[in-house]
C-alpha cells in the first residue's frame with residue numbers, strides 16, 4: 001500500500017512535540033520517546049480443541065516480486081517453510097518472473113495472476129507444496145478481474161483465497177470503486193463459504209480499528225482508514241468471518257504489518273495492520289496462531305503466517 005504526503009504528515013504529527021511557541025522557547029527540547037515495538041510471541045501449535053496444527057500458511061505483500069527476490073526474500077521463505085505461500089503486489093507479468101522463484105523445487109505447484117492492462121501493477125501469486133483440487137482466478141466480475149487481484153485454491157477441507165484489495169488512492173480517487181469491490185468481494189466469499197469454509201489472506205488495504213494503526217486521529221480521511229473502508233470490513237466480519245489475529249490477541253497494540261518507507265517509519269514502528277488471515281467461523285476451533293513476522297525485511301510490508309488444524 002502506498003501513502004500520500006498527507007498521510008506521511010499525519011504519521012509525523014505523532015512524532016513531533018507540538019507545544020506552543022512560547023513553551024518551546026522556555027523548555028528544553030523534548031527527548032524523542034523510544035519506539036514501542038511488537039515482539040512476535042512463540043508460535044502456538046495447539047488449537048482450542050486440542051488438535052495440533054497441520055497446515056501453515058504465509059502471506060506477504062512483496063511490493064514488487066523481482067526486487068523482493070533480489071533482496072533475498074526467498075531465503076526467508078525457505079526458513080519459514082509454509083505449506084502455501086501467498087504473495088501480493090507482485091507487479092510482474094508471468095513472462096517476466098525470476099527463475100529463482102519459478103524453479104523453486106519446494107513449491108512444485110505455482111499460480112500467478114497479473115494485471116491485464118498495466119505492466120508492473122497489482123498482481124498476486126500462490127505457491128503450494130501439495131496440489132490443490134482446483135484453482136480459479138478473479139471473482140467472476142470483469143470490472144474487478146482485469147487487475148489480477150485474487151486467486152482461489154480449493155483444498156479437501158477448505159478454500160484458500162489470496163487477495164490484493166484495491167487501494168482507495170491518494171485523494172480517495174478510487175474510494176467509490178473500492179466500495180463496489182467490497183460489496184462484490186463479500187458476495188463472492190459468502191458464496192464460497194456455503195460450499196466449504198475458507199481462509200482469506202492478503203493485503204486487504206484497511207486498518208479495521210483504531211488499535212490497528214499508530215495514528216488513527218490523523219488518518220481518518222486517508223485511504224485505508226476511512227469510515228467507508230472500515231465499515232466494509234466490519235460487514236465482511238458480520239457475514240460469518242473472523243479476523244484471526246484479533247480473535248487471538250484482542251487487545252494487542254503496536255502490531256503492524258505495513259510501514260511507509262518515509263521518515264524511518266519502520267524503525268519507529270509507525271505502522272498499519274493491513275494484512276490479514278480472515279477465517280470462516282466454522283474454522284475457528286482449529287485456529288492455533290496468527291503470526292506477524294515483523295523482523296522479515298524486503299518490502300514495506302512484513303509477512304504474516306497462520307497455524308491451523310484443518
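Here the Cβ of each residue, glycine as well, is placed from N, Cα and C on the backbone.
Here the structure is a predicted model, which means the values were calculated and not measured.
Residues annotated as region 'Disordered' in TrEMBL: 1-45.
Annotated domain 'Endonuclease/exonuclease/phosphatase' per TrEMBL: 59-301, in sequence order.
Marked as Mg(2+) binding site by TrEMBL: 61, 89, 203, 205, 300, 301.
Annotation source TrEMBL lists active site at 164. Other Cβ atoms within 10 Å of the Cβ of residue 164 (active site), summed over all protein chains shown, number 25.
According to TrEMBL, the feature active site, proton donor/acceptor maps to 203. Around the Cβ of residue 203 (Mg(2+) binding site), the number of neighbouring Cβ atoms within 10 Å comes to 29.
Per TrEMBL, site 'Transition state stabilizer' is recorded for 205. In this view, residue 205 (Mg(2+) binding site) is surrounded by 24 other Cβ atoms within 10 Å of its Cβ, with every protein chain counted.
The annotation site 'Important for catalytic activity' is assigned in TrEMBL to 275. For residue 275 (site 'Important for catalytic activity'), other Cβ atoms within 10 Å of its Cβ number 24.
According to TrEMBL, the feature site 'Interaction with DNA substrate' maps to 301.
Positions annotated as active site, proton acceptor by TrEMBL: 301. Counted within 10 Å of its Cβ, the other Cβ atoms near residue 301 (Mg(2+) binding site) come to 25, all protein chains included.
When Cβ neighbours within 10 Å are tallied across all protein chains shown, the highest count among the binding-site residues 89, 300 belongs to 89. If you measure from the Cα atom of residue 164 (active site) to that of residue 203 (Mg(2+) binding site), you get 5 Å. Residue pair residue 300 (Mg(2+) binding site) / residue 275 (site 'Important for catalytic activity') shows a Cα separation of 12 Å.
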